[in-house]
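Engineer: From Swiss-Prot, here are the annotated features:
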SIGNAL    1-19  signal peptide
TOPO_DOM  20-514  topological domain 'Extracellular'
CARBOHYD  45  N-linked glycosylation site
CARBOHYD  73  N-linked glycosylation site
CARBOHYD  94  N-linked glycosylation site
CARBOHYD  153  N-linked glycosylation site
CARBOHYD  275  N-linked glycosylation site
CARBOHYD  286  N-linked glycosylation site
CARBOHYD  302  N-linked glycosylation site
CARBOHYD  335  N-linked glycosylation site
CARBOHYD  410  N-linked glycosylation site
CARBOHYD  477  N-linked glycosylation site
CARBOHYD  490  N-linked glycosylation site
TOPO_DOM  536-980  topological domain 'Cytoplasmic'
BINDING   585, 586, 587, 588, 589, 590, 591, 592, 593, 613  ATP binding site
C-alpha cells in the first residue's frame, strides 16, 4: 500500500471518529510565503464541497471521499477563510481553515470597497490581514489619515476585519485599515461605510395653509414642505391631477433633511381655485396632504347659528348663545350687545371667540340667569366688506307668585287672586276647615278657573292673571287658598276670613309654662357655651408667616403685600412620588419638618437629601393658606447662599409640601451651646442634653441642666424648645455626635463667630433688598450646614411655640418679646429697622455662646419699662469692643439711627480683617479666662450700656442678678406671659 493511500486511510479513519469533515493540513490557521505551493485536502464520508475565496488560480481535484485544492503560486489574494462541508451528511458539520499569505508589500486584502448598513447595526469593514504577526500594530483610520470619531466603538479580527458596533449616521465615512510594517505605516484601499437611517415611517409632511380664500386678483402662496431622516425622498405638489413644476429648496435641520416647494400666485383667478395636494415619498411609502383654495368675487361675512334664535330658559339656569362666522377678509371687530328691554342690566357680557382660519365661533355664556337678564342679545361683526348682526330673543320661565286680597263686588265679599309667572299660570281655588297656613290634599275644590283674566302680557315679562272667588257671607274657622301653577312650578296663598265676634285670646299665664322656661334656659346656656368656645378659638394662636414683603410705605406707615395674591410658578412643582420620607426632624403645634430624599431634583439622576415642611392633618384652612403663602414668599424672594432656599413644592394631589435645603448641623443656638460645653466644661456651659443631636426637632423635656441666664449651674424644668431629632437615641440619629465630631471637634474661634455674624447680616441684607421683613431674627432661626455656613430660616411651623417660653402671649399671638424692638412691642410696627434691633440681640447670643438675652430679667412690666427707657445688655464675654459697639448701634431707641444691614456687613468685614492681623483674637478664651470673664460680666451687670435709671439703682439690680446665680431656679420663669 502506497504512502498516499495510507494517508487517505488515516484521514478517513480520523473523520469517522469525529463525524465531521477533516482538512489537511490540520489546525485553524496556515501561514505561507508568496509564491508557495499550497495544498488543502478535505476528507469526508461522502462527497465534500469547498467554500471560500476560491479564484481561478486554485486547482480542484475531486478524489472521493476527499477534495483537494491546490495553487502553485500563492498570493495575498488567496488570504481568507476556507470552509469544507459535506452536503449529504445528515449530522451536518463543517471544517474551517484560515490561510495567510504574508506579503510585506500588501499587508491587507480588501474584500469590498463599499459597505451599507442601517443605523444601529454592526458594520463589518472586510479588510483581512495577510500576516498574523502584524495584528498588534493595526488600527482603523478615516481617509487621509484622520482618526475615527471619539464615539466610534469598533473591534478587529484578523480573519474578518474591523467591526464598527452599532453604527451611527454620523459615522458615514471612507475608512482605511492601517498596519505597522517594518516601522512604517501601510494602509489599505478605502472602504466607504454608508450608514442609512432606519426608515420606520413616512416622511413628515406639511401643506400650508390648510385652507385658502382670496378675492380675484389678490396674491396667494401655497407651501408644501417635507422632512425625512434620510436624503432619499421626493416631494411633489399637484393642482387637481396636474403636477406642478416648482423649484425645490433643500436644507438640513435638526438631523433631518428638508425639501420645500413654494407656489406663488401674484394675481389669482378662478382657474387657480380647486384642490391642491402635497405628496412625500420615501422608502417606507407615500404620505399626502391636501387643501382647498377658493377664489371669490368680493368680501363676504356670514353669520349663522345651530341654535334657535328664540330661546326659553328657566330662571337660575345657564344658557350659552353661540354664533358661527364665516368671513373674508378677517373680522376687524365683533361684540355681543344686550338690547333690552331691562335698562338696569348693564353687566359686562362674558363671551369667548375661537378663530379657525376664516371661521369664528363666538359663545356668550349667561350663568344663573336672573329675571332682568331676559331680552334680546345681538352679535355684531364687521370686516372690510361690511357688517352683519344676529339677534337672539331670550325669554325666562319662572314659577308663579300669588297674592290674595279681599274686596266687595256688588255688595258681596269677593276674594281676588293675582298670579304672575311665565308661562301663563293656571288658577284653582280650594277651601279647608280651621285656620291653617296651607290646605292639604283633602281640601275641597271650590273653583278651577281655566279662563282667568289676563291683565298683562308683555314680551320678556311675566304674564299676570286675575281670578275672582265670590264667597258670599264670611264663615268663621275656614281657610280659602288660591293655587297657581305652570310648567316650571307652583305657588299658593291662603286667606282667613276674620269674624269680630269670634275673636278669642289665650290667658297670659299660659304663655310661659315651666317647659318653655326650661327650654329657653337651656338655649341660653348653650348660646353662652358657644360664645365661650368661639372666644377661646379666636384667642388660640394661629400659624402665621412671620416674613412680610413691603409694597409701599409713607413714613412709619407700611403697606404689606398680601402673600396669597403672589403668583405661584409651576416650575417649582415636584412629583411627590419622587420623595422618600425619612425621620421627622421637627414637630410643632401646627406641623412638622421631615427629612426626605428627593430623586431627580434638578437633574434626572440627582439624589438629594432635603427637608420637607408639611402641616398636621388637623390643620385649618387658614393655616393651609399660611403655608401656601410661605411657599409663595420663598419663591418670590429667590435664592441666596445665606437663607434656607426653596428647592421645590408639591401642591397637587395631596397636602401641601414645601421642599427646602437640608442643613445637617442644626440650629446655630444649639451649635454654640455644644461648643461652649466642649470648651468651657459643663460647669460653665449652657445646659445641653448629652443625647441631643443637631437637628430640627422640638423636644420639651424635664431634666437637669445648667442655668442659661448666668454662668452658674442649677436644676429645673428646661423650657427652651430646642430643634432636635425625634429619637434621642444616638444609634438612630443619621447625624449623631460621631457624625458631627469632625465639624464640632474643630475649636471654635473668634473668626467663626465673626463669620456667623457676617453671613446672617448678608442674608438679612438680601431680604432687605427684596423689601422683606423677617420679624423673628434669632439664633434659633439660623441653621448651619456643611462648612459652617449660616442660613436664615423661619421654623415657626416646626417649633412648639405653645410651650416655648421665648414666645410670649400678646393678644392671640405668641411673640419673641426679648428679641423685639420697642416700636414692635409697644406699637406693633415692624420694619427693616426693627429687624436690625433683633439682629443686635442675635449678635449678643453669638458672642455669649448661646446665653438667653436679658439674663436674670423676667418678662413683666419692669422688663417693658427697661426696654422703653433704653436699657442695654452688658458686653458679652467673647465679644470684641467693636462688635459690642455694633450691638449698641442696633439697639438705638430711634429706629432711623440704627445702621442698615449693608453697613453692618461692612463693619463686620472690617473687624474680620483686623482679626486676621491681630493673632491674639484668633482663638476664644480658655475655661479659666472665660470664667473670669463671666464673673466680670456679672459684676458689670446685665445693665451694661445706656440706661435712664439712676446708677445706684442699676448697681443694686446688677448685684441682685449676681446673687441670684447662687440660687437654683428654673432658667425661665413660668410667668413670662403678657397679654396685649
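Even glycines carry a Cβ here, placed using N, Cα and C.
Could you place these features in context, so I can see how deep they sit and what lies close by?
Structural biologist: Mean pLDDT across the topological domain 'Extracellular' (20-514) comes to 88 in this model.
Under the DSSP three-state reduction, residue 45 (N-linked glycosylation site) is assigned to coil, being neither helix nor strand.
Sequence-distant neighbours of residue 73 (N-linked glycosylation site) (same chain, 6+ apart, CB under 8 A from its CB) are 35, 37, 57. A coil conformation is recorded for residue 73 (N-linked glycosylation site) in the three-state DSSP classification, outside any helix or strand.
Around the Cβ of residue 94 (N-linked glycosylation site), the number of neighbouring Cβ atoms within 10 Å comes to 17. DSSP gives residue 94 (N-linked glycosylation site) a strand state.
According to DSSP, residue 153 (N-linked glycosylation site) sits in a coil region rather than a helix or strand. Counted within 10 Å of its Cβ, the other Cβ atoms near residue 153 (N-linked glycosylation site) come to 14, all protein chains included.
Long-range Cβ contacts of residue 275 (N-linked glycosylation site) within its own chain (separation 6+, distance under 8 Å): 239, 240, 290, 291, 292, 293.
For the recorded site, residue 286 (N-linked glycosylation site), the DSSP three-state label reads strand.
If you take the C-beta of residue 302 (N-linked glycosylation site) and look for same-chain residues 6 or more apart in sequence within under 8 angstroms, you find 325, 326, 327, 388.
Of all Cβ atoms in the protein chains displayed, 13 besides its own lie within 10 Å of the Cβ of residue 335 (N-linked glycosylation site).
In this structure, residue 410 (N-linked glycosylation site) belongs to neither helix nor strand by DSSP; it is coil. In the structure as shown, the Cβ atom of residue 410 (N-linked glycosylation site) sits within 10 Å of 6 other Cβ atoms.
In the three-state DSSP reading, residue 477 (N-linked glycosylation site) counts as coil.
Classification of residue 490 (N-linked glycosylation site) by DSSP places it within a strand.
In the three-state DSSP assignment, the secondary structure recorded for residue 593 (ATP binding site) is strand.
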Engineer: Roughly how many angstrom lie between the C-alpha atoms of residue 410 (N-linked glycosylation site) and residue 477 (N-linked glycosylation site)?
Structural biologist: 25
Engineer: Neighbour count, 10 Å Cβ-Cβ cut-off, for residue 585 (ATP binding site): what number do you get?
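Structural biologist: I count 28 other Cβ atoms within 10 Å of it.
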Engineer: Here's one to test understanding: among the recorded positions 94, 335, 477, 585, 587, whose C-alpha is closest in space to the C-alpha of residue 490 (N-linked glycosylation site)?
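Structural biologist: Comparing Cα positions, the closest of these recorded positions turns out to be 477.
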Engineer: Considering only the recorded positions 45, 335, 587, which residue has the minimal Cα-Cα separation from residue 286 (N-linked glycosylation site)?
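Structural biologist: It is 335, whose Cα lies nearest.
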Engineer: Restricting the comparison to the recorded positions 477, 585, 591, which residue's C-alpha is spatially nearest the C-alpha of residue 94 (N-linked glycosylation site)?
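Structural biologist: Of all the candidates listed, 585 is nearest in space.
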Engineer: Going by DSSP, give the three-state secondary structure for residue 587 (ATP binding site).
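Structural biologist: In the DSSP reduction, residue 587 (ATP binding site) maps to strand.
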Engineer: Considering the binding-site residues 587, 593, which residue's Cβ sits among the greatest number of other Cβ atoms within 10 Å?
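Structural biologist: Per the Cβ count within 10 Å, the most buried is 593.
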Engineer: What's the CA to CA span in angstrom from residue 335 (N-linked glycosylation site) over to residue 593 (ATP binding site)?
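Structural biologist: Here the two Cα atoms are 54 Å apart.
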Engineer: If one measures from the C-alpha of residue 587 (ATP binding site) to the C-alpha of residue 153 (N-linked glycosylation site), what distance in angstrom results, rounded to a whole number?
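Structural biologist: Counting only the Cα atoms, the answer is 55 Å.
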